[in-house]
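Q: If you scroll down you'll find the structure; I have some questions about it.
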């Protein structure tokens, strides 16, 4: 620990974004080249063979000789000069001594430099800085700390060297505290200091200090240094301040390819791919990072064809793809189920030799499984490395995605080793395939095997508990999450809210929602509480929470509006439901699906507005399913509308000819209207077609 710092910093082991080669300190050469005539008189007796008149020239020659040996790494000659210094009795000359330490440091003989440094009784700040620089250069940070702590006088070089060493080792917080100490004692930073300090803030998540650092950079006058401006630009892009980043970028007097790539990446990560393209076209010396960034930008927004076109242009320039680019392409091809393009990039991976990499193998398995090509996914798995757990996980996830849950379990049981993702995939598979009992059984087996679940695991567990409606198990799962400090992200919060709501405990659902309300960045917790309250008849509270959501920056999605329309149904708010339904496309760009139309048909049906419900069904851009026609038919029974009921029954029979309950409903409508002959004919038709009424069952026990 650096005791000179006023605060004890914490350690963060990360990898620096900008690797800077360690510069040869200017202060070493400048100090070494000064002649003794301009310095304090030397307090030692000269060698007997050297007169006082000869001494300055002799010292200057030795300093120059050591510098030449350092530059060319001529170790033997340097060691001979060291012997000459000892013979001549000049080992206490501070200028020659510093040149000697510098020689050993630059030649990589740090132990020899340390021996000289430790045995010297007369050292100055330059000597300490040379040794400090040597330790940092070769990664000996503990030794550097000792020297730094002993220094009576620390200047910009001392602090900068130490900060640079901390940044190179990933001690970001400690580097920041060192910089704060430097400022506290009035030591001014230089361009190298600012490059490393900004990099430390980048890795520490301190993006909010971007403008303060920018102000300091302007005050110090180092904005013309491209590394400083580039790191500052990256800080702005990470914090989402693209306007400030763009202004800084345009004002930069010098830009290298890293600067261009940082600005390009900033626009790409924000989804502004067209602005990224404008920046990309201005880059003179495009490297593989430039091409990879713009290609990834198109892939992120689903513009696969344009990404492929950019890839072809890159090949034309003579550049070859890297492994990250191939992974991006294969992943996107899997998402959009583009089997042809994906196979092409599989071929590229083989041609470039990337297919031997474990993570590439796993990506290829995942791609084929995502496209429904399970046999090809299995084939790729068989030729891959069986010791790599990610390949097993990719195939298991692929089998589950293709509804082959039993095959996935067989593969899971064969795994030589399992990680948390293996268990989570299998538990999620059982939960999604409506086998919640097996999901919970496997979860408890996971715990018995000593594997700690993560937030993804617990989402599937809570979903299974919600399906079963076992409140006691749900309470235990919530306590487990709290006791084991599992991060409560938006998805897990939503799963907890949904679980409590489906276990008929609305108060606990509201309590969880209120805990995460101000922290949520995603709409999922809001959806869970809006739908949960609507399901239990708390329509007005559900709509109040929806109104609160609209005042925030979080945008509602299709699930939000299912909850809102359901709430309107339960409360009989027909006009409000119509307004929300129309606002979906007009205000929020959410395209209604068949479930939203089903909610509106139910809303009109409950209000007795059957004609409007039928007209809405006719205007739907998709085919109405059995649920929608069944909803209309049930409303016709409630309100005694035989005419519309007949048409609803006919359409329901067309969509699903073997649907017995619809015939029963129609028969009851006729009976309620006193049309006994028609009711008898419907029953007779059911018997002739072999249709039966569904057996009643309880969804609770």
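Backbone N, Cα and C define each Cβ position, glycine as well.
Features from TrEMBL:
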REPEAT    124-158  repeat 'PPR'
REPEAT    256-286  repeat 'PPR'
REPEAT    287-321  repeat 'PPR'
REPEAT    388-418  repeat 'PPR'
REPEAT    419-453  repeat 'PPR'
REPEAT    522-556  repeat 'PPR'
REPEAT    593-623  repeat 'PPR'
Q: Could you give the residue numbers and ranges of same-chain residues that sit at least 6 residues beyond the repeat 'PPR' (593-623) on either side and whose C-beta is under 8 angstroms from one of its C-beta atoms?
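A: Result: 558, 561-562, 565-566, 568-569, 572, 574, 577-578, 581, 584, 629, 631-632, 634-636, 638-639, 641, 644, 647-648, 655.
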Q: Mind checking which residues reach the repeat 'PPR' (522-556)? Cβ under 8 Å, same chain, six or more beyond either end.
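A: Same-chain residues near the repeat 'PPR' (522-556) but 6 or more away: 490-491, 493-495, 497-498, 500-502, 504, 506, 509-510, 513, 516, 562-564, 566-568, 570-571, 573, 576, 588, 590.
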Q: Other than its close neighbours in sequence, what residues sit by the repeat 'PPR' (419-453), given a CB gap under 8 Å and a spacing of at least six beyond its ends?
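A: Sequence-distant neighbours of the repeat 'PPR' (419-453): 389, 392-393, 396-397, 400, 403, 405, 408-409, 412, 459-461, 463-465, 467-468, 473, 484, 486.
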